[in-house]
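Chemist: Let me begin by handing over the structure; questions about it come next.
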Amino acid sequence: MKCIACVNFASGLRTSSVASSELKFVDILEALIKSSSPKDDDRDKRLRVINELQQSLGKAHLGPTIDLRILPFGSFVNSLYEPSSDLDLAIVGQIVATDDLSPEDKRFSFVKLQLAKVPREYATEILRTAVSRFVEDGLADERSLVPVLHARVPIIKFVHPATGINVDVCVGSEGDSFKTWSLAQLMALHPVVEKLCRLVKIWAKAHGINDPRSFTFNSWCLTLLVVFFLQRQSTPELLPPLKALMYDCVGAAGAVVRLMHGGRHPPNKRVVKLMETVTRNAGPAREMYGRRPAKPLEHMFLDFLDSNSRLLQAAMQNKEPLTRGTAVSVFYGDFHRERHFREHVLFVEDPLNDLDNAARTLRLPSSSKGRTIEFVEGTFAKSAARLRAHLDAAAAANQPSGAPGAATALERERELSGDGGATAADPASSSASPPTNTSAAAAATKPESPSSSNPVSGDGTTTAAAAGPTSRASASTVAATTAASSAAAAAPSFPPSSVPPSLASTAVFLFGTELLTRLPELSERLLGPGLCGWARGALAAGRPAGEVHQELLARLGAEQGFESFASFRKRCRIPALDEEEAWTPEELEQLIRKQTEKMIRQEKEAAARAREREKHRKQRKERRARLATMRESEEKRSGEGPGPGGAEKPGEAPARAEGTASVRPPRRFGPPRPVRFSPLADGSAAAEQSGQRKQVRGATPPRLRSLVSEQFVPVAHKGS
C-alpha cells in the first residue's frame, strides 16, 4: 500500500510524516491550542502600548493626582490572551481629596484617595481627559473611540494605530491587576491548565456561549470553572486552593476576609506584601502539584464537559452539590455556602471578592421565554456525549474484533455521526474501501423526522429504536437511495476527503467554524476543499457563524440535537446588549427598511395631526368672532331699549339677526334653587307623606320632635 506524502501543517499541527488515516483527535486539539497561543512579537507589541500610554498619561492634566500608572489586567496578565485579544488597562494612582470629593474631610487638605474610590462622575471625567491626551499624542485612533460609560465599570475602547491592538481602558486599582496575577500564579503550577483553558475558550466561542452581552458566560467565568475543575473534580487534584498561596496559615479554620471584599480597594503596600507571600508559596506548591500525572488532553476535556454539565443540572434543579446558597469557590477550592448566594441560580465566586458573582451574566430579562443557562447546560451535555462516543469508538477500533463492547462503541459512533456506512473505527469496512467524504449524500439520506433519529442522553448513551421487519428495512433503503440520487443532482458535489467522516463530524460539532479560521489547511484535510470553500464563502458573505456551523453539520449528516445559539436566541426572544453587532446584512437591510417606513408613517401622522389642530384653531377663532358679534348686538339693543314698533310680545324670543348662527348663551351661575322643607310632626305622618308603607313603632318623642321641627327636615322624595 502506497504511503501518503508528508504534509507540513503550518496552521499549528506538528510537522511530521503522518498518513491521513493516522490523524487523531488529539492532533486537532494540539493544533487549535497552538493557533491560539501568542508569539513573542504579540507580547512585545502589548508592552510597547503600555509604555507609550504611560508616558502620555504623565503629560495629561488630571488635577491633583499623584503617582498615576497604567497597569494591565485580564488575559494579558494570566497569559491566556490570543494574538487578536483586547488589551485591558487600568489607570491607577491617588488624588488629593478636595471639597467636592470628600466634604467630610475638608479640614484636611492632605488626605489622599485612590482613583477607584472617587465618585463615578469624577472617575469618568478623569478617563475622558486621559483618553483625549492619548488622541492628541497619536496613541488612539479618534475614529475608533467607543465610550461604554453605562457599564458597571466605565471604560473607553480604542485602537492603537501603530500596532492595531484594541485597548480597553478604565479607572481601577492595584487589586484588579493583583487578582489576575495571583490566579496566573496558581495556573502556572501545572502545564495542563493553560492548554485546557485555551481549548475551553475556543469551544465556547464556537458554540456562542462566551458572550456576556447575550447573557452567557464571560472569559473570566470560564477560566474560574476550569481552575475549579482541576482543584476538586479531576483525579488526581492538579491545583491547590488559592488560599494556600495567599496565606501561610493554610490549615486555619474559619472564613478569611477577602482582599477586595464588598468592592474594597486595598492599598498598594498590602498588595505588595501579598505578592511576596504568593511568590514564596508558589515554589513548594509547584513541586507538589506540578509532578502529578494528568490524563490525556482529550479525556481531560471530556471530563470537564461532563462534570460541568452535571453541575449546571444541579444548579437548575436546586440539588446537591449546587443548592441555593452554594457557590463555586476557587479561593477555597471547594463549594462555599453563604447567605447572599441564594439570589442567583449559579454563583461562581470571585477569588478576591466573595460578594461578586462571575456568572452574573447568566441572568435574563423577564421578556424572554427561555433561560440561557438551559442552552449552556445542553451544549455541555451534547458536546460531552459526542466526544465520548468518538473516543469510545476509537478505543474499540484498537481492541481485538472479539473484545466485549467494541461493537457497541462502533454503533454508537455511527448513530451520533449520522453515517450508516463505514467509519474510521470499523477496520473491516475501512480495508474494503477507502474512506470518502459523503457529506452531500449523508445530508440527503438522513431522515428529516425527529423520531427516526437517535436522541443522545446526558450521559453520552444513545436510545436506539427496535429493529423492524426486513421488508420495512428494504423499503427504507430504497427510499434512502432514491432521496440520495435526487439530492446528488441538486446539491453541489464536493471532492472526497482523506479523513474518516467520524473524525470530521466530531471536530466540526465541537469547534464549528473555528476550524476554518484557525486551521485553514487542516480543515481542508478534514472536510475537503469544496466544503471548506463553501463555508468560507458563507462567512465572507456575512452569514452568522452559528448558521454556517449548523449547515456544516447538516452536510456531514451529524446535526442530531444541534442548535446554534443564534437560533435559540431568536426562538426564545432573548435580546442582546449590543444587538446591532449580531445583525446579518439581510437583517440590517430589513431593519433599515422598517425604520424608513416607520419614519414616513410618523411624518404622515404628524402632518395629519397638524392639519387637524389648524382646523380646530380656525373653528375656535370663528366661534369667538360670532360670540363677540352677538354680544355687541345684544349690548346695542339693551342700551337703545324697545323703540316704537319694536316692542316684544310676551313669551316671544328676541329676533335673531339674519345670517348669524344660534349660539347658546353662556351659563350664568347664581344661587341654588330653593329646596322644599316642612316640619315633621311625627313618625306616622312622615311615613304617610313619603308614600312608604312601613310599620311605625311609635310616635316621635316630644324632645326629638321639637329638634326636628327646628332643623327643617326635608320631605322624602316620592317613589323612594
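Note: Cβ is positioned from N, Cα and C throughout, glycine not excepted.
Curation plays no part in TrEMBL annotations; they are all automatic predictions.
Taken from TrEMBL, the feature domain 'Poly(A) RNA polymerase mitochondrial-like central palm' applies to 29-172. If you look up TrEMBL, you'll see 395-407, 422-472, 652-664 marked as compositional bias 'Low complexity'. Under the heading region 'Disordered', TrEMBL lists 395-472, 602-720. Per TrEMBL, compositional bias 'Basic and acidic residues' is recorded for 602-613, 629-639. Marked as compositional bias 'Basic residues' by TrEMBL: 614-626.
Each of these features: where is it, how hidden is it, and who are its neighbours?
Modeler: When pLDDT values are averaged over the domain 'Poly(A) RNA polymerase mitochondrial-like central palm' (29-172), the model yields 86.
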Chemist: Using DSSP, what is the helix/strand/coil residue split across the compositional bias 'Basic residues' (614-626)?
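Modeler: Final tally across the stretch: 13 helix, 0 strand, 0 coil.
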Chemist: Report the DSSP secondary-structure composition of the compositional bias 'Basic and acidic residues' (629-639) as helix, strand and coil residue counts.
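Modeler: Helix/strand/coil tally for the compositional bias 'Basic and acidic residues' (629-639): 11 helix, 0 strand, 0 coil.
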